[in-house]
Amino acid sequence: MSKVVRSSKYRHVFAAQPKKEECYQNLKVTKSAWDSNYVAANTRYFGVIWDAAGGGSFAVIPHEASGKTTSVPLFNGHKSAVLDIAFHPFNENLVGSVSEDCNICIWGIPEGGLTDSISTPLQTLSGHKRKVGTISFNPVADNVAVTSSGDFLVKTWDVEQGKNLTTVEGHSDMITSCEWNHNGSQIVTTCKDKKARVFDPRTNSIVNEVVCHQGVKNSRAIFAKDKVITVGFSKTSERELHIYDPRAFTTPLSAQVVDSASGLLMPFYDADNSILYLAGKGDGNIRYYELVDESPYIHFLSEFKSATPQRGLCFLPKRCLNTSECEIARGLKVTPFTVEPISFRVPRKSDIFQDDIYPDTYAGEPSLTAEQWVSGTNAEPKTVSLAGGFVKKASAVEFKPVVQVQEGPKNEKELREEYEKLKIRVAYLESEIVKKDAKIKELTN
């Protein structure tokens, strides 16, 4: 009996290895062991965390500047290593960074890109007591970002006003990922305690939580429409993929073993085409799956294979895809010295706009102000048609940062409390120095 082949318009999606001249070469990508993607992108630029001594730096490079680089200007205002970066979704000339120095910085990108290094951010946000590991901007509310830190806290910020909006508690260990849902009303986190948690950040309430993976290595979670995707490791160190309904956050709707490689899986979800991309750190493969609403909820499509292992990955906004070539996704793959564009395409010959694979997509325009969002208002993301092709925004959106004055202790009690906090911070930093000294001795012996 012949096997019935499942029908899907994405069954033959393919990706090809880019040409050398299309890659960004001679880059000094960070050697940090932190489980970040190391790269982020908007329609004009991509940013990559830099390997720099004596502080934290990252580069922002225009997409058209492919080929060999000689001298790259940097954003270099952090006092310790940069751990994560994210572009503002509504302002192409703003980028945020977080660091081991406990600060969140918002930087302005000059029109046309950097020509000289910049050391002074437009805005510095302080409030975390340990290193800040992740940053992500709200997809609908203007100037709202979320960060997570080694102090086990998740904080939301108004980056223009320089204010901490809300603080989410409830984690008992290091937070390994923190992502918004599609309309910015909830966040999902994963933690070293092996749990995935869905929060309402405006009320500091846990919507649901579950032990998602039994392995000791890091896990990650993202929203995929009304589902939650988690990736992590089993007790026997196999890489796993789970799909959950966050309203019944107990048993996964689907649980798959991906392989037995050792690197963390990085998940990316394309809401327009319902495609999930999985890229493994330390290997050169990018698997992609189609998600559906009924069991088994996920179908493997294909795999991009490369001999060059990736250290990080990100995807560009759908607005800058080449629709005339049926390009449905474009990723940027990070290696130790290059960033390589990977284009995913549907093999079709027609030059007519293919509206079945290009529904209206995320417009990159705010639906809410920060004030509306924090008051409890929800809204759907604005969308735009790709039928007319990609049109760059005429100019940057105005950004007027308000610098908050940091008030010192007002009396003896507050002074003593601040003193005790600083003692704890000094003890933590001293322990980190001891660990790094031991690591240096181990590597030199």
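In case you wondered, yes, glycine gets a Cβ from its N, Cα and C as well.
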Which is it, of 130-164, 200-234, 340-374, 410-444, that Swiss-Prot names as coiled coil? 410-444
Taking helix as H, G and I and strand as E and B in DSSP, count the residues of the repeat 'WD 1' (77-117) in helix, strand and coil. 0 helix, 19 strand, 22 coil
What does the DSSP secondary structure composition of the repeat 'WD 2' (127-167) look like, as residue counts for helix, strand and coil? 0 helix, 23 strand, 18 coil
Going along the chain, which residues at least six beyond the ends of the coiled coil (410-444) come within the CB cut-off of under 8 Å? 129-130
